[in-house]
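Undergrad: What follows is a single structure, and I will ask about it in a moment.
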Amino acid sequence: MGFSHYELPKMLFIFLVFMNSCMFSYGGNFIQEFDFNWGGNKVKIFNRGQILSLSMDKLSGSGFQSKKNYLFGRIDMQLKLVTGNSAGTVTSYYLSSKGPTHDEIDFEFLGNVSGEPYILHTNVFSQGKGDKEQQFYLWFDPTKNFHTYSIIWKPQHIIFLVDNTPIRVFKNAESLGVPFPKNQPMKVYSSLWNADDWATRGGLVKTDWSKAPFTAYYRNFYAQKFNKSQFLDAKWQNQELDANGRRRLRWVQRNYIIYNYCTDYKRFPQGFPLECRNF
């Protein structure tokens with residue numbers, strides 16, 4: 001799928017103007033790169049800005065947001081999730097713009113009771129509409145060590161990765177009339193919050209406040225810009241994954257996906273959304 005000769009100059013103008021006004025981070029320091037906008041002293045900084053933690057208790061959760069906006073690129077963050085009984089908690093890490101017609105690209109980690117696996121929830125919003133969920137189990141315990149969660153965002157597709165293994169590719173389906181996030185710069189957000197009305201077994205399992213405070217850790221934020229020559233290269237724009245990446249994606253989709261809106265017959269009895277043709 002390509003852009004018309006009318007669309008590409010417009011997109012290029014948006015991209016180049018924004019890149020000139022907002023340089024991407026490289027190996028970011030949390031003090032330099034983020035504002036701590038929620039939770040007060042529940043946001044803690046260690047090692048001169050190299051490590052950050054968010055905590056949640058019954059009074060409130062906590063969160064942070066990037067100082068800069070981003071329009072296309074690769075965003076990496078390493079997280080170590082809440083240990084033990086994390087049921088009812090959600091640790092979110094996502095890109096988002098503002099307003100009722102916002103765009104958004106989501107990682108959300110849904111907690112569980114001790115011994116049961118986290119659920120990794122992904123979603124994509126464009127022009128204020130989401131409902132494009134895929135959920136996964138992970139092939140490791142995300143509470144034991146730091147793991148890298150990445151978003152590659154190009155005009156033609158979005159790739160979600162875990163430890164550099166692709167788990168999901170969301171393709172641009174504008175040719176089918178489906179909006180795609182490509183015009184709104186977005187900030188990086190993360191938060192730890194109580195969602196026991198839905199997060200664990202649909203809200204049946206509630207947060208055990210006797211285990212509070214709940215804490216998640218972050219390090220090694222990295223944001224990579226795509227250069228001008230890449231943006232003009234149609235082949236590069238359309239390139240998704242190499243052969244090994246496609247194999248790894250199939251491995252995850254065969255073994256670890258637990259929900260895909262594109263196969264939910266009960267939810268869409270009249271037919272799946274148009275973009276599901278690209279799945």
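The backbone N, Cα and C atoms fix where each Cβ goes, and this holds for glycine too.
TrEMBL labels come from automatic prediction, so no person has curated them.
Grabbed the feature section from TrEMBL, which reads as follows:
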TRANSMEM  12-31  transmembrane segment
DOMAIN    24-218  domain 'GH16'
ACT_SITE  E104  active site, nucleophile
ACT_SITE  E108  active site, proton donor
CARBOHYD  N112  N-linked glycosylation site
Undergrad: Non-local Cβ contacts of E108 (active site, proton donor) (under 8 Å, 6 or more apart, same chain)?
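TA: Non-local contacts for E108 (active site, proton donor): V90, T91, S92, Y93, Y94, L120, H121, T122, N123.
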Undergrad: Restricting attention to the domain 'GH16' (24-218), give the mean pLDDT.
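TA: Taking every residue of the domain 'GH16' (24-218) together, the mean pLDDT is 94.
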Undergrad: Pop the Cα-Cα gap between the residue listed as 'active site, nucleophile' and the residue listed as 'N-linked glycosylation site' into the table, whole Å please.
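TA: Approximately 25 Å lies between the Cα of the residue listed as 'N-linked glycosylation site' and that of the residue listed as 'active site, nucleophile'.
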Undergrad: Have a look around the residue listed as 'active site, nucleophile' and count the other CB atoms within 10 A of its CB, chains all included.
TA: 18
